[in-house]
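Visitor: Got a structure for you, questions after.
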Amino acid sequence: MTEIKAVGVVGSGQMGSGIAQLAAVHGLDVWLLDTDPAALSRATKSITTNIHRLISKGQLSQAAGNNALGHLRCSSNLEELCMADIVIEAIVESEDVKKTLFLELDRIAKTSAILASNTSSISITRLASATSRPCQVIGMHFMNPPPVMKLVEIVRGADTSDNTFYATKALAERFGKTVICSQDFSGFIVNRILMPMINEAFHALYTGVATKEDIDTGMKLGTNHPMGPLQLADFIGLDVCLSIMKVLQAGLGDSKYAPCPLLVQYVDAGRLGRKRGIGVYDYRAAEQVKRSARL
């Protein structure tokens, strides 16, 4: 089985920085890549803050925290991934963009390296087709935020080898995660179930069944969910939810996966959720209060 000692992570958003943090805390050398230097700077600050928080809570020793930060390297040069044993992409949820990246990674990464995707819905088999190593391509879907959520969903493409699967599974377990395994169908397990629920919540709001507050409260208290579906959609990003619904509709060919018109409208309006300050809910006033408190 491939022994993983060095990890490359492409994309320094919330998912990518969280995956990089996990790898560094668990003693692996990590290269975090992003073409946007400002995004890399934000990610480095976030990872450093999170590690210091773990130290202050007694969940990580000072020495272990310093060691983790020493394992982390940030770069905008994809060529630096040439020595990684596994590269995990956590970029935009677009098949074309991911395929372009995988084509580049296939050229750069050493021949033994595993190429993994954090995609939440896109076919691993189709991503693998952009490479000359389909047996070494796999889905490694972390939940958001990766350092906190206990689950990793592993997805085998049509040609993913046993060696690739077991090495990826071992890495997830080294991170302290519970692993579930899905076949390569649109949406896999989690999002095939979750996204239609979120979409139906939008339909309930769209058709005037109830207010957004009552829809979320009903699901939180009625089904013991920690977060209502509309609030969760804001947390995930409405653009991501819409993208996944489109993948489900195209991949499974069923009209029940058609995105709710209200979800489409919100995305068209730029109401993407927490990351934009407004989605189903408006977070701008609360964010302003937080900023004022820090000054």
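Quick reminder: no glycine exception, Cβ is built from N, Cα and C everywhere.
Relevant sequence annotations retrieved from TrEMBL are reproduced here:
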type	residues	note
DOMAIN	7-184	domain '3-hydroxyacyl-CoA dehydrogenase NAD binding'
BINDING	Gly11, Ser12, Gly13, Gln14, Met15, Gly16, Asp34, Glu93, Lys98, Ser120, Asn144, Lys275	NAD(+) binding site
SITE	His141	site 'Important for catalytic activity'
DOMAIN	187-283	domain '3-hydroxyacyl-CoA dehydrogenase C-terminal'
Visitor: Roughly where does the domain '3-hydroxyacyl-CoA dehydrogenase NAD binding' (7-184) sit in mean pLDDT, to the nearest integer?
Guide: 96
Visitor: In whole Å, note down how far the CA of His141 (site 'Important for catalytic activity') lies from the CA of Asp34 (NAD(+) binding site).
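Guide: That separation, Cα to Cα, works out to 19 Å.
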Visitor: Rounded to a whole angstrom, what is the largest C-alpha distance between any two of the residues Gly11, Ser12, Gly13, Gln14, Met15, Gly16, Asp34, Glu93, Lys98, Ser120, Asn144, Lys275 that the record assigns to NAD(+)?
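Guide: Comparing all Cα pairs, the maximum is 22 Å.
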Visitor: Using a Cβ cut-off under 8 Å and a sequence separation of 6 or more, which residues in the same chain sit near Met15 (NAD(+) binding site)?
Guide: Ala90, Asn118, Phe142, Asn144, Pro145, Pro146
Visitor: Rounded to the nearest Å, what's the C-alpha distance separating Lys98 (NAD(+) binding site) and His141 (site 'Important for catalytic activity')? Just drop the number here, would you?
Guide: 14
Visitor: Within 10 Å of the Cβ of Gly13 (NAD(+) binding site), how many other Cβ atoms are there?
Guide: 19
Visitor: Fill in the CA-CA distance, Gly13 (NAD(+) binding site) to His141 (site 'Important for catalytic activity'), as an integer in Å.
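Guide: Answer for this pair: 15 Å between alpha carbons.
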Visitor: My understanding is the cutoff is Cβ-Cβ under 8 Å with a sequence separation of 6 or more in the same chain; which residues meet that for His141 (site 'Important for catalytic activity')?
Guide: Ser117, Asn118, Thr119, Ser120, Val152, Glu153, Ile154, Val155, Phe188, Val190
Visitor: I'd like the number of other C-beta atoms within 10 A of the C-beta of Asp34 (NAD(+) binding site), please.
Guide: 23
Visitor: Mind tallying the domain '3-hydroxyacyl-CoA dehydrogenase C-terminal' (187-283) by DSSP state, helix then strand then coil?
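Guide: Tallying H, G and I as helix, E and B as strand, the rest coil: 66 helix, 3 strand, 28 coil.
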